[in-house]
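Worksheet: the structure to be examined is printed underneath.
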Amino acid sequence: TIEYYKYLAEHWKDDAFYGYQFLNGVHPSMIRNCPHLPSNFPVTEEMVQPFLETGTSLKQEIQKGNIFLCDYKSLEGLPTRVVEGKSLPLTAALCLLYLDTAGTLKPIAIQLGQEPSEKCPIFVPSDPELDWLLVKIFVKNADSVIHQIISHLMKTHLLAEVFAVATMRHFPDVHPLYKLLTPHFRYTLQINAAARRALLGPTGLLARSTPGLEGIIELLRRHLAETTYSSLCLPDNIAERGLQNIPNFYYRDDGLKLWTAINSFVRAMLGLYYPTDDEVSGDAELQRWIQDIFTKGFLGNSSSGMPESFITVEAVVKFVTMVIFTTSAQHAAVNSGQFDYYSWFPNSPLQLRKAPPTTKGLVTMDTILETLPNIGDTVSFIISSLVVLGSYPEERFCEPAAKRIIENFQKELSSIEERIITRNASLEVPYCYLKPSEIENSVSI
């Protein structure tokens, strides 16, 4: 295995490694295919032609599906912490990326705001080296804020808490779904209670990040209103983002294998207790469970696509698959690599001090150093009894058929592990975050 922090220190400025991180770093949730440029991101052919392969154009590459976008529009107008009388900067950036024929993904245009203007120009790789480096840092600052507050805190920790509380509230301990799901909530309430104090308290890590508590609450509100059921289901999420065919996307490849394995396991287990749709529609405890999740967790937002009730076995299978995947694999994907990618702080800064550049050619190394946090804040932002996915140590299921299904699930996870190890052996930067042996069965850290 490589020592990530050393590799990061050597390669964090490289555009190829910068692009790689949007797929296989600690935050693979933002990037999406770009079938057409947003109207507020007026990138022209002339701007990016030098960074495309010979004989092609931006229009052609968009049509081929080789142009990708990270858009941080949810940060627009977000309140930020006031430090020494000034609000900390946080840019609602747009970053355009290009996939070449070698399978390398690189940024080719960056705009540090949602409204283009003379004071908000589009930067490209041929701009002065330090200009380009600084605007990339601002994009990663935006990405880090969304990663920690939304993809990590909200969409794994807080969602897991919603599922855990509803499960404990509505299922007796003899119910098969209580038995199936409880291991995936091990220590979740405890870690979340601790996180509220350690991360969101007045001196907590996230409270000291750029948005501060007020900004965090507003960002959570914005994203909860827009969160959809399909975005939590990996196969649907990958399709909606148009990422089915992008090469070297190990989060997708490993994640889909795990989703399929969990889905098969859940289908087999629930088939023992819900042989027909009638058993589903007639299970009052199950119906109260999903209604509670819909009303308390998603505030009754029908536009989210979250189910309000269950009519078919298949609908329950998909939802339970999502719950288990979210609390195990998805949490591992956005949690396990934090030290790897945050330990070299300029790569993923949670706080910046100076306003973004508005004019090209004026950035110096002093500008960059003055923009990054001071030493005290930098040190505080570095993040550092495993029960692995598929383990059911309490043996709540006593039926022989259920035990066989669990054994088959564990065998499939071992097979996935072997395939990942084989693939990683040939990679310069191995992707290990979805190795089943390193996935916690619950959100407990």
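Note that Cβ sites are derived from N, Cα and C of the backbone, with glycine treated the same way.
Feature annotations, reproduced from TrEMBL:
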BINDING   H152, H157, H331, I445  Fe cation binding site
DOMAIN    1-445  domain 'Lipoxygenase'
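Cβ neighbours within 10 Å of H157 (Fe cation binding site), excluding its own Cβ and spanning all shown chains: 21. Between the listed binding-site residues, namely H152, H331, the fewest other CB atoms within 10 angstroms of a CB are found at H152. Summed and averaged per residue, pLDDT over the domain 'Lipoxygenase' (1-445) gives 90.
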